[in-house]
Amino acid sequence: MNSMSTTGPIRVAAIPKHYLQFTVRTYTRSMASAGLRYSNPPLVKKCYDQPTGKRFISSTPQSQIKDYFPPPDAPKIVEVKTAWAHPVYSEEEMRAVTVGHREAKNWSDWVALGSVRLLRWGMDLVTGYKHPAPGQEDIKKFQMTEKEWLRRFVFLESVAGVPGMVGGMLRHLRSLRRMKRDNGWIETLLEEAYNERMHLLTFLKMAEPGWFMRLMVLGAQGVFFNGFFLSYLISPRTCHRFVGYLEEEAVLTYTRAIKDLESGRLPHWEKLEAPEIAVKYWKMPEGNRTMKDLLLYVRADEAKHREVNHTLGNLKQAVDVNPFAVEWKDPSKPHPGKGIKHLKTTGWEREEVV
């Protein structure tokens, strides 16, 4: 009796820790993979060259697939116009975007940076992502497929649209409550949220989330929205610094995806054309409408959000004017603006813009 009562626990405890971690990660990645399928059968058949007629990622019959968000059935309407026209980026400006990091200088910065690292850990876990050290990109465990990149993009963009909406909403209510102007912050924050949503809609034209991905997004968005809402009430400066650090991670993610594409690790994307929604939104010119061009545009947007939020984090939240929504006295000098011509990785300091 005694030997039997102790044998079971000993055998369970003898399972190596690394095996348990591998099992959890493998299960998470397989479930997340099952939660994402390509939503355009003709495009997938063309670009993924599946002679058997099966899609690259899916368990759903092709006959059941339809446009994930088809245009509304309104015969009298040609197109829905947006209030925020996207600025035109040049290819030179987009290629000049680099990975960067703003050093934490005070307790507020450290709280923001620590929170981003925690969020990054959770996102890496659910999307199966491992960031390689320099020179380790060719190691198999660090390699990402097109399917895995899309899964990460969809999850990332579904969460990235939350901060701008929360910040804009709270500042809008504050302006109404105090009966004072907001000095241009609301428009920029709402435009940021809209831009992140357009990223998501673009990637959803390429892959349709399944039930598991929807569940992950629902949980992450619910927790993140409420957490960010409360945090913004306590310290808006910390929240903007948090978003600045989060966008640093986004720039890093898209930079690595671009490098993988350029090095031939993502062959199915080499000749893939950007969805029509992306062509119209970014005003992509003829001859520059490939998947690589799309990633360059998205990365440039993330770099702009990085600059904007690091800059807003440097300002006095209650009194300073938003420098990205003003007309400058001397336009010949470099100033913050909607474009990326004078992009600053770590944001503009308060002395430079006030």
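Glycine too: its Cβ is placed from the backbone N, Cα and C atoms.
Secondary structure at GLU302 (Fe cation 1 binding site), as computed by DSSP, is helix. Per Swiss-Prot, the feature Fe cation 1 binding site maps to GLU157, GLU196, HIS199, GLU302; the stated evidence is similarity to another entry.
Long-range neighbours of GLU247 (Fe cation 2 binding site) (same chain, six or more residues apart, CB within less than 8 Å of its CB): GLU302, ALA303, HIS305, ARG306, ASN309. Residues or ranges marked as Fe cation 2 binding site by Swiss-Prot on the basis of similarity to another entry: GLU196, GLU247, GLU302, HIS305.
What Swiss-Prot records for 335-344 is compositional bias 'Basic residues'. Outside the compositional bias 'Basic residues' (335-344) by six or more residues, the chain places 87-89, 93-94, 96-97, 300, 303-304, 307-308, 310-311, 323-324, 328, 353 with a CB less than 8 A from a CB of the stretch.
Taken from Swiss-Prot, the feature region 'Disordered' applies to 333-354. For the region 'Disordered' (333-354), DSSP puts the residue distribution at 4 helix, 0 strand, 18 coil.
Positions annotated as transit peptide by Swiss-Prot, on the basis of sequence analysis: 1-64.
Here Swiss-Prot flags 153-173 (among others) as transmembrane segment.
Per Swiss-Prot, the feature transmembrane segment maps to 215-235 (among others); the stated evidence is sequence analysis.
Of all the binding-site residues listed here (GLU157, GLU196, GLU302), it is GLU157 whose C-beta has the fewest other C-beta atoms within 10 angstroms. Sequence-ordered, the extra residues of this chain that approach the Fe cation 2 site, with Cβ no more than 8 Å from the Cβ center of GLU196, GLU247, GLU302, HIS305, are ALA160, GLU192, ASN195, VAL243, LEU246, ALA250, VAL251, ASP301, ALA303, LYS304, ARG306.
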